[in-house]
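> What follows is a structure written as structure tokens; I'll ask about it next.
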Amino acid sequence: MVDYHAANSASSSGQTSYMEPESDWDRDLLLDPAWEKQQRKTFTAWCNSHLRKAGTQIENIEEDFRDGLKLMLLLEVISGERLPKPERGKMRVHKINNVNKALDFIASKGVKLVSIGAEEIVDGNAKMTLGMIWTIILRFAIQDISVEETSAKEGLLLWCQRKTAPYKNVNVQNFHISWKDGLAFNALIHRHRPELIDYDKLRKDDPVTNLNNAFEVAEKYLDIPKMLDAEDIVNTARPDEKAIMTYVSSFYHAFSGAQKAETAANRICKVLAVNQENEHLMEDYEKLASDLLEWIRRTIPWLENRAPEKTMAEMQQKLEDFRDYRRVHKPPKVQEKCQLEINFNTLQTKLRLSNRPAFMPSEGRMVSDINGAWHKLEGAEKGYEEWLLNEIRRLERLDHLAEKFRQKATIHESWTDGKEAMLTQKDYETASLSEIKALLKKHEAFESDLAAHQDRVEQIAAIAQELNELDYYDSPSVNARCQKICEQWDVLGSLTQSRRESLERTEKQLESIDELYLEYAKRAAPFNNWMEGAMEDLQDMFIVHNIEEIQGLITAHEQFKATLPEANKEREAIQAIQAEVQKIAQYNGIKLAGTNPYTTITPSSIDSKWDKVQKLVPQRDQALQEELGRQQSNDHLRRQFANQANIVGPWIQNKMEEIGRISIEMNGTLEDQLTHLRQYEQSIIDYKPNIDQLEGNHQLIQEALIFDNKYTAYTMEHLRVGWEQLLTTIARTINEIENQILTRDAKGISQEQLHEYRTSFNHFDKDHGGALQAEEFKACLISLGYDVENNKQGDAEFARIMGIVDPNNSGAVTFQAFIDFMSRETTDTDTADQVIASFKILAGDKNYITAEELRRELPPDQAEYCIGRMAPYAGPDAVPGALDYMSFSTALYGESDL
């Protein structure tokens, strides 16, 4: 019968045998009572640690497994599988059958049992029973242990070595004497649960205390039953390897779950950290997008609000608020919008790199939504300033009309004052015939005066109507005053008609009328109206926008002044009538009854109004001349801006054309061209004060509320755009020349080659746009000898070349891309192999080079550069100070040139 300690090796049938050849020293231990005691105690504890899960245990390992029942139960617990139903009989055959079922199950798991039969187990053979339990432990507790491609016993040993490596006085080399001092057990516990062991207080010379500490802590906190006594280990020259392995495997299984949990927790934490960072970025995006959209949402209604203000000051404040919005409030939002798009792209990149789904902002907060809202904002902003300026002009006209209405209304109300009382008096009832006739004539004069005032009433009504149509803010008071005037006018008309009828009824009783008084009244009334109209016109406010309009007013005023001599003659004639009356009355001794009965217009009032007209004329002259001066100043501002704009505009256009010619003609070397372009750029920059001066003139025009300029077709906005394009174009042209210099120097292209490339490029650039379309580029290649004709092979070659010069499929080839392609086609490029070969020549065909050789062969700065970056040479032929030029050369070019 073969010993159950025989080796475990792979049989020809693929089964695993756990019987290993033991040394003679091991075989001697088979008869050692200490060995049997250790195995019996350890295996019993191990079995009970599993059987207790089924609510049972064993006391005597060779007796309690004899009937096979608890053996089958143990296998079911540790395997998680169901075994065939055991036989419950007490006879020997029943016990043998149960044990065979257990042994068959063990064999079904790939375990080859050697010399272990059911009869020996049933007979209570301690050696065979312990061997069987050890086989079970190996299969179900140790075989599946795997550490760094090692398994079973070697894997368990490697695990112990890895876990205890940092601890002093611990050196696990086996499963016997390496564990005698107890430090290895304590180290395993401390490595995984440092709070349970104070390792620094343990002493190597006190193994019993160390072992008892580890066994008690494992039993209390790790649910590992105590399988050995400290004395069993300490008092044995060499503890039993199987007992120690069984005990240690329990530690492995206890901690492996925690390690898996820790690994899983770390993985979860890593994933959560990425998610938290992404969520933070998403929240930042959502907040920034929400704030920007909210600002746009609040701003658009403000820009779309076309509700006019009542006064000029309020509208000018609105204009100033809009300019503050343009200068102060909008620029930070432009930056926020740009940052928002950057954050969105960064977040999407991070999500893609971490294999997360793309970020979809909440509804209405996509970048496209923000762009749409921004477009709507700019659309609302576009017409807001023009509306403000138009509204200011409208209010200016409204103020003028309102003042004109008040002046005319005041004059009319002053004229109508007392007219109702005069028309309703009954003076004709007691008057004499002459007085009646005088009253009638006076009434006729009044009717003439009334008719003369009809135009003024109509003008007042027309102005009120216009103020209503222009939505004047004080229209209610204007309407009320106009209504009152119109109603009073109707009453005056009715009263006038009624008085005439009363006077005409008594006219037949009236005789004699003073023709002179009548003539005076008839001539004085229209002359008086003319003077009142003249005074009204001379005091009338005016508003003009250009010299032509003010000159028209001045011409009209000059025409008015030309009528004054005739008017003065009429005044003198009227005064002569009154003088004649006085002369006749004095001559005939007639006592006049006071004032002219036919009119209230006295000679003194005529003279007074005439004097006022005479005073108002120079005042009107002064007002018109002042306005002429203001309009001439405005016209000067227009001309001043136009003169400079008509110079700056063509200058910018000319410079743009000259830059285009310079970039095409390629006169001189690239350095000459670059110097010339930089000088040209400086001359453009030096021209900036002219732009600033033009901006200042434009500011003066805006402050003067000048809205048109017939002297130039250029606006400040057009000139600003042209200036910015000019600066951008010269900078881009300089950059192209610099890139050509870099390409020439890097590729060793001669100036003649560059000139030839530029000549070919310009020849096929028909529209001089600085880029060749696909067909133009193909024609250029054909002229240079490339086989890209319209056939299958030529089309493939042309597609390959287009992939190089136009990787973005834009359909156009820039001159820089053309130069890069031609330089690759016509020049050699150094490679890492060529540099290595060059270093090998300098090193005298050695695989290394020394600092002395580098300093001898290379310029000082380049020699020190190489010495500072070359790693020491580690080859078999190395000498002190040898440097590795191969890895240095490879690093210069990267792995792509290896």
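Every residue, even glycine, has its Cβ placed from backbone N, Cα and C.
Where the annotation comes from TrEMBL, it is an automatic prediction and has not been curated.
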> For the coiled coil entry in TrEMBL, name the matching range from 121-155, 226-260, 436-470.
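It is 436-470 that TrEMBL annotates as coiled coil.
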> Tell me which range among 1-21, 379-399, 841-861 TrEMBL lists as region 'Disordered'.
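Spelled out, TrEMBL records region 'Disordered' over residues 1-21, not the other listed ranges.
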> Counting by DSSP secondary structure, give me helix, strand and coil numbers for the domain 'Calponin-homology (CH)' (37-141).
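For that range the per-state counts are 71 helix, 1 strand, 33 coil.
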> Apart from its near flanks, which chain residues at least 6 from the ends of the coiled coil (436-470) lie with a Cβ under 8 angstroms of it?
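Contacts of the coiled coil (436-470) (Cβ under 8 Å, skipping residues fewer than 6 from its ends): 394, 397-398, 401-402, 404-405, 408-409, 411-412, 415, 422-423, 427-428, 478-479, 481-482, 485-486, 489, 492-493, 496, 499-500, 503-504, 506-507, 509-514, 517-518, 521-522, 525-526, 529, 597-599.
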